[in-house]
Amino acid sequence: MTARNLFLLPGDGIGPEAMGEVRKIIAYMNEAMNAGFVTDEGLVGGCAYDAHGAAISEADMQKALAADAVLFGAVGGPKWDSVPYEVRPEAGLLRLRKDLQLFANLRPAICYPALAAASSLKPELVEGLDILIIRELTGGVYFGEPKEIIDLGNGQKRGIDTQVYDTYEIERIAGVAFEMARTRQNRVCSMEKRNVMKSGVLWNQVVTETHKAKYSDVQLEHMLADAGGMQLVRQPKQFDVIVTDNLFGDMLSDVAAMLTGSLGMLPSASLGAPDGKTGKRKALYEPVHGSAPDIAGKGIANPIAMIASFAMCLRYSFNLVKEADDLEKAIANVLDKGIRTGDIMADGARQVGTVEMGDAILAEFKTLSA
């Protein structure tokens, strides 16, 4: 069978500990399922700066470009707060996104039933919540030009950012949203501000045209982004897939994440365009949480977000849908049994460390996949 090439970038802080639990799952899948994963590993972030003077080396960048998928841990920490801006730890992630041309950011907001009480909303509003927010990652106001602060010469300054979207950028992110919806509940809600922004008018038009041309089997709804934020808090389970631009996606995905009550448990994926010959997309998978340097090396970090990111990798990079389903179910089963790391501890639960949580999830995964 064809090898499945994974490039692991554990990074800083708790990244290596969390990645260690994914390695166990990869080893089991290779042994028991003949999965054919071939792994290589590199440095990114502060540890890469310490070793190479850059947030990611050129050699590791080439390995990332050659891999079928990249698994990324976390970067940063106080140790590197004073390094030059262009080689700060976060620059490694930005370089990966840029060079891999990752334009679609997928952020699931999943509320495991066992953790519904941890949400700031009533449990009945969020229990069983499963939203996928798809954010355009390489266009919009974060990248548009001009972007500057100018001196007006009268004691005043003017800050300028430019919101820019071209048709092709909207078409391709809409295509990802419709394709993902087909594998879920077949519903997409597109969010923009067409009432006050010309880019929002174009966004609405292009999403509508793309839907009509290729995806008319998917249910499409349009919503103003501010109303969408309100509805996410009012009645979140009305949504399946939400697609939006870079700025609104940045905000709405964090709002949706907090509905779950467990920001540190959520995965994400960033996808590129399909290859013209193979149809495969470049992809990077990472937990939403940061490097948590205060608990690094203590063996208490929660590995669930990293494991759930690997489940997304199985689903979107390798089309191993059953295996992805089983791994996500294994996480839910472990939580149902009252097994918790300290960050999600609850009355009556049993507190465990990183390795024990990883072992418990692997044991459930073995049972489900037997």
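Each residue's number is its place along the chain shown, starting with 1.
In case you wondered, yes, glycine gets a Cβ from its N, Cα and C as well.
The annotation NAD(+) binding site is assigned in Swiss-Prot to 77-90, 290-302. Taken from Swiss-Prot, the feature substrate binding site applies to R97, R107, R135, D226. As annotated by Swiss-Prot, site 'Important for catalysis' applies to Y142, K193. Residues or ranges marked as Mg(2+) binding site in Swiss-Prot (evidence: sequence analysis): D226, D250, D254.
On the structure: features taken from Swiss-Prot.
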residue: D81; record: NAD(+) binding site; Cβ contacts under 8 Å, 6 or more apart: none
residue: R97; record: substrate binding site; Cβ contacts under 8 Å, 6 or more apart: L137, T138, S270, L284
residue: R107; record: substrate binding site; Cβ contacts under 8 Å, 6 or more apart: L132, I133, I134, R135, G249, S253, A256, A257, L266, S268, V288
residue: K193; record: site 'Important for catalysis'; Cβ contacts under 8 Å, 6 or more apart: G200, L224, A225, D226, F248
residue: D250; record: Mg(2+) binding site; Cβ contacts under 8 Å, 6 or more apart: R135
residue: D254; record: Mg(2+) binding site; Cβ contacts under 8 Å, 6 or more apart: none
residue: A292; record: NAD(+) binding site; Cβ contacts under 8 Å, 6 or more apart: G13, I14, A74, A301
residue: A296; record: NAD(+) binding site; Cβ contacts under 8 Å, 6 or more apart: D12, G13, I14, E17, G77
residue: I300; record: NAD(+) binding site; Cβ contacts under 8 Å, 6 or more apart: T341, G342, G353, T354
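When secondary structure is read from DSSP and collapsed to three states, Y142 (site 'Important for catalysis') falls in the helix class. For Y142 (site 'Important for catalysis'), other Cβ atoms within 10 Å of its Cβ number 15.
Around P89 (NAD(+) binding site), taking its Cβ as the centre, 26 other Cβ atoms fall within 10 Å, counting all chains. When the Cα atoms are compared, Y142 (site 'Important for catalysis') and P89 (NAD(+) binding site) turn out to be 19 Å apart. Apart from the site residues D226, D250, D254, the chain places the Cβ of A225, G229, L247, F248, G249, M251, L252, S253, V255 no farther than 8 Å from the centroid of the site's Cβ atoms, the recorded Mg(2+) location. Within the group of binding-site residues (G77, Y85, R135, D226), the Cβ with the highest number of other Cβ atoms inside 10 Å belongs to R135. In this entry, substrate is bound by R97, R107, R135, D226, whose most widely separated C-alpha atoms sit 28 angstrom apart.
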